[in-house]
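Since the structure comes first, as C-alpha cells, the remarks are kept for the end.
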Amino acid sequence: MSAVSGLQGQVAGFDADAVVIVSILVLLLLFSVQSFGTGKVGIMFAPVLALWFLNLGSIGIYNIINYDTSVVRALNPMYIYYFFKMNGIKAWSALGGCVLCITGAEAMFADLGHFTVKSIQLAFTAVVFPCLLIAYMGQAAYLMKHPLAVERIFYDSVPEVLFWPVFVIATLAAMIASQAMISATFSCIKQAMALGCFPRIKIIHTSKKVMGQIYIPVMNWFLMIMCIIIVATFRSTNDIANAYGIAEVGVMMVSTALVTLVMLLIWQTNLYLVLCFPIFFGAMEFIYLTAVMSKLLEGGWLPLAFSSLFLCIMYTWNYGSVLKYQSEMRGKISLDFILDLGSTLGTVRVPGIGLVYNELVQGIPSIFGHLLITLPAMHSTIVFVCIKYVPVPYVPLEERFLFRRVGQKDYHMFRCVARYGYKDVRKEDHGSFEHLLVESLEKFLRREAQELALEVSTMEAERDDVSEVSEIVPSSPAIAAEDLHTPLLSDQRPGDDSRMLGMEGSVPLLPSSSMSAEEDPSLEYELAALREAMASGFTYLLAHGDVRARKQSFFTKKFIINYFYAFLRRNCRGGTATLKMPHSNIMRVGMTYMV
C-alpha cells in the first residue's frame with residue numbers, strides 16, 4: 001500500500017479505493033507464486049534490492065546537496081537530548097514513528113535458514129544501514145525547504161524525471177520485503193512443528209539442495225486472506241504502520257530476553273555482564289514500547305490479537321501432546337508380559353503380516369495390548385513401524401528400513417524404523433512399499449543368521465585354541481614364544497588346516513564345519529514363514545486415539561483438552577497422512593487416553 005499510494009498524487013482520479021484494489025491485486029500475485037518455491041522467487045531478490053538501496057542512497061545524496069547540507073549535524077547524538085528537552089511528551093510520542101524506520105529487521109533472524117550469518121551481517125552494515133541513513137537525511141533536508149510535504153515525503157523528494165522508475169522499483173522492493181516475511185513465517189512454523197508446538201500441517205520442500213526452502217500451503221492462503229481483509233478494512237497505511245510498530249518492539253523485547261538466556265545458559269557469560277545486557281537494551285526497548293502502546297486503539301491491537309490467537313493454539317497443542325505422550329509412555333507394554341504370553345501371544349496366530357504403526361522408537365505401544373485383548377487372532381508376523389523424517393533430501397531404498405527383533409525367534413515380531421528424506425515421495429505405491437519392507441526384512445534375517453554363525457564359530461575356535469595350548473609340551477626352553485602357540489602336527493585335528501591358513505593369511509576364516517547362513521534350518525524356516533505370511537497379505541493396524549481429561553480435572557483443563565485440543569487433532573494431518581495405504585487393508589483401533 002505504501003508503494004502503490006505514490007500514484008495518488010501522480011495519476012488523476014487515483015483515490016484511496018484504487019490504492020486498495022491495486023494493492024489487493026499485487027497481494028494475489030505475490031501469494032500465487034509462492035508454490036514455485038523461495039529459490040525461484042528469490043532470483044530477483046539481489047538485483048531488485050541492489051537497485052532499491054542504490055536508488056535510496058543516490059536520491060538521499062541528491063536531496064542533501066540540493067536542499068540543505070546542514071542535516072549531517074543530525075549524526076551528533078546530542079540532538080537526541082535537545083529534541084527531548086524542546087518537545088517533552090511529544091518527543092516521547094514520536095518514538096513510535098522512529099520504530100518504523102527499522103521495521104522488517106526481525107525477518108533476518110528467520111531468514112538465517114536461507115542465507116548465511118556473514119552475508120546478513122555484511123548486507124546490513126555495508127549496504128542497508130548507510131543507504132537508509134542517507135535516505136532519511138535527504139528527506140529531512142527536503143522537509144527543511146518544504147515542511148508541508150510530510151504526508152507524501154518519499155515520492156515528493158524524488159526528482160520528477162525519476163518518479164516512474166522509482167515507483168516500479170519501490171513496488172518490487174515492497175513485494176520482496178513481503179516475500180521475506182512470508183518465508184520467515186514458513187520457517188517459524190516449520191521450527192514450531194519440529195518442537196511439537198504447532199499442529200502438523202503439510203510442508204512442501206521446494207529445493208533438493210537447501211532444506212530451508214519450503215512452502216506451506218495452509219499458511220500461505222491464511223496469510224493471503226488475512227492480508228486482503230486488513231488492506232480492505234484499514235484502507236490506510238497509518239493504522240497498519242501502528243500495528244507493525246507494536247509488533248516490531250515486541251520482537252525486540254523477546255529477542256533481548258532470549259539472548260539473555262543464551263548468554264546465561266549456553267555461553268555461560270559472567271553473571272554481571274548478563275545482567276547488564278537486559279538492563280541496557282531492555283530499558284531502551286521498554287521506552288519504545290510505552291511510546292507505541294499509545295497507538296493501541298489506532299491499529300495497534302491487530303498484532304496483539306494475532307499473537308494471542310497463535311499463542312493459544314501453540315500452547316494448547318504442546319500441552320495436549322505432552323500429556324498424550326506421557327500417557328502412551330505409561331501405557332507401554334513390557335517385554336516380560338509378552339514373553340509370559342508365549343509365542344502365540346495368547347491368541348491364534350493366522351497367516352499374514354500385521355503392520356502396527358506407532359510413534360515410539362522403543363517399547364511396545366499400548367495399541368498392541370489393546371489388539372491382544374479385543375482380537376481373537378493375531379497375524380503370524382508382527383512389525384511395529386515407526387516413521388521418521390531425516391534432514392537429508394533422499395534416503396536410499398537400501399537404507400530406508402532399520403529392523404530389530406522383538407522377543408524370541410518363534411514370536412516373529414520385529415521393530416522397523418522407516419526413514420524418509422524431505423524430498424522423498426511419501427505417498428508411494430503400497431505394493432512397492434510392502435515388497436521393499438519384506439525384502440529388507442529378509443536381508444536382516446540373513447545378516448542376523450550370519451552374525452550368529454560367526455559368533456558361534458568364534459567361540460568354538462577360542463575353545464579349540466585353549467585346549468590345544470594346554471596340550472603343548474615345549475621341546476626346549478629356548479623355543480620362541482610364538483612357537484608355543486603352534487600345535488604339534490600329531491595333535492592337529494580336522495579343521496586345523498583351515499584355521500592355520502587363516503592365521504598365515506592374516507584373515508580369520510570360519511571352520512569348514514561351520515554352517516552357512518543358507519544352510520541354517522531355523523533361518524530357512526523363518527524365511528519360509530515370512531513368504532507365506534506375505535502371500536496371505538498385509539494389514540495396516542492404525543491407532544485412532546481420543547484424548548480426554550480425567551473426571552476429577554479442573555474445568556479449564558477439561559475445556560482445553562476435550563474441546564480445543566480435540567478440535568486441533570481432528571483438523572490437522574495425522575502421522576500416517578503422508579502414506580498411501582489400501583483402504584480395504586486398514587484396521588483402525590480406537591483408544592481413549594485419559595490425561
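Any Cβ shown, glycine's included, is placed from N, Cα and C.
According to TrEMBL, the domain 'K+ potassium transporter integral membrane' annotation covers 1-338.
The feature domain 'K+ potassium transporter C-terminal' is assigned by TrEMBL to 351-593.
Cβ atoms under 8 Å from those of the transmembrane segment (12-31) belong to residues 1, 4-5, 171, 175, 178-179, 182, 220-221, 223-224, 227-228, 231-232, 235-236 of the same chain, restricted to positions at least 6 beyond its ends. Among the features that TrEMBL reports, transmembrane segment is placed at 12-31 (among others).
Among residues of the same chain six or more beyond the transmembrane segment (43-65), those with a C-beta under 8 A of the stretch's C-beta atoms are 71-72, 127-128, 130-132, 134-139, 141-142, 157-159, 162, 166, 169-170, 172-173, 176, 179. What TrEMBL lists as transmembrane segment is 43-65 (among others).
The annotation transmembrane segment is assigned in TrEMBL to 91-110 (among others).
Among the features that TrEMBL reports, transmembrane segment is placed at 122-142 (among others).
The feature transmembrane segment is assigned by TrEMBL to 162-189 (among others).
Residues annotated as transmembrane segment in TrEMBL: 210-234 (among others).
TrEMBL lists 240-264 (among others) with the feature transmembrane segment. Packing against the transmembrane segment (240-264) from elsewhere in the chain are residues 1, 96-97, 99-100, 102-103, 105-106, 109, 230, 234, 271, 273-274, 277-278, 281-282, 285-286, 288-289, 292-293, 295-296, 298-304, 307: each is 6 or more residues past its ends and has a CB under 8 Å from a CB in it.
Per TrEMBL, transmembrane segment is recorded for 271-289 (among others).
Residues or ranges marked as transmembrane segment by TrEMBL: 301-320 (among others).
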- line: Same-chain residues at least 6 beyond the ends of the transmembrane segment (122-142) with CB under 8 Å of its CB atoms are 53-54, 56-57, 59-64, 66-69, 71-72, 74, 101, 108, 149, 153-154, 156-157
